[in-house]
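Chemist: Positions annotated as transmembrane segment by TrEMBL: 6-28. The annotation Mg(2+) binding site is assigned in TrEMBL to Glu143, Asp183, Leu185, Asp186, Asp309.
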Amino acid sequence: MAPMGIRLSPLGVAVFCLLGLGVLYHLYSGFLAGRFALFVLGAGGGGGSGGAVAEEEEAAAAGGVLGGGLVDLRELLAASVAAAVRGGVEVKRVREANALQEKAKGKTREGAEEKMTRGDLLSNRKMYYLLKAAFPGVQINTEEHVSADDEEVVPWDRTVPEEIKRQIQPNFVQADSVTVWIDPLDATQEYTENLRQYVTTMVCAAVNGEPIIGVIHKPFSGYTAWAMVRGGSNIKPRSSYNEQTPTIIVSRSHEGTVKQVAWQTFGNKTVIIKAGGAGYKVLSLLDVPEVDQEKADVYIHVTYIKKWDICAGNAVLKALGGHMTTLAGEDISYTGADGNEGGLIASLKMNHKALIEKLPVLDKTSQN
């Protein structure tokens, strides 16, 4: 109850309340405006860019890995292309100078001699150190051993090609979720025999084991295929594939085993192409504008194979809607051990599951 002699007007109470609300609105809107300005300008002045975006871009320009351990996959794709091409320069130079310095580095599980050349080593060094300098927080697995005595500065200007920019937006992931696989010279045996068409350099980036970025470069022709899963690519599938009597591409060293299986499965009219290099075999499934690139419908490998041989091709096929799995139809994880025990089958624009079911005579758990 109001004190004696003081009477409250309803209109006055309403005006008082409105004034109070106005004061609160003014204070709160000022707070929001300040927060918005901080976001727009950034802690150090963003020049019109969002503070978070400016921070990411500045950190990326400084070294590839952002504060908080983030990596831009678009930039990693650009670096992977640059690395594959840079390694290819060494591969081509050594071969054309006939300075291979070939030697054996061991034997495969099938007993075949594994060779290594100066081209392998120099390409590996250029590719590894370019990527390591650009993305120091990312794990890099490579076919050839890297010694501290071999360390060198391999510059990269961090330029993202316009072809990549047009298709792919920046995409940041945790650096510790990324594993890069480098094959500095795929088809070394064929390289020593001067069968240049089979030779490639390859880079793949997997995120939590899933192949996401794939680059396959042919040093002697200069052709480069790249793709990013859920991103874009500079290569596409062919217009048609033969699913009834497919042409099958296999390793030169395993032609007999796969030929027998193919004829039993698809009939004796099935064509078998024997070729060197996993990168070349994946390209045979795609629309590659080169006359010396053979064309196949299915790629099959029946024995153990290293992940740096297949990761890039797996990523390219996956980006285009294709498949590369073990012979049992399992996805291949690109973490952990560096080998794939279950063989592989790769296809594009075909019923992949049906293909696997047609191969009952293969030992799908073979670990030869």
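Don't overthink the numbers, they just go from 1 along the chain as shown.
Here the Cβ of each residue, glycine as well, is placed from N, Cα and C on the backbone.
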Chemist: Quiz question: given the binding-site residues Glu143, Asp183, Asp186, Asp309, which has the greatest number of C-beta atoms lying within 10 angstroms of its own C-beta?
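Modeler: Sorting the candidates by Cβ neighbours within 10 Å, the top entry is Asp183.
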Chemist: In sequence order, which same-chain residues at least six apart have a C-beta under 8 angstroms from Leu185 (Mg(2+) binding site)?
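Modeler: Sequence-distant Cβ neighbours: Gly87, Val91, Thr117, Gly119, Asp120, Ser123, Asn124, Glu143, Tyr191, Val199, Thr201.
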Chemist: Starting from the Cβ centroid of Glu143, Asp183, Leu185, Asp186, Asp309, which together make up the recorded Mg(2+) site, report each further residue of the same chain whose Cβ lies within 8 Å of that point, ordered by sequence.
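Modeler: Surrounding the site, in chain order, are Ile182, Pro184, Ala187, Thr188, Thr200, Thr201, Met202, Gly277, Ala278, Gly279, Lys306, Trp308.
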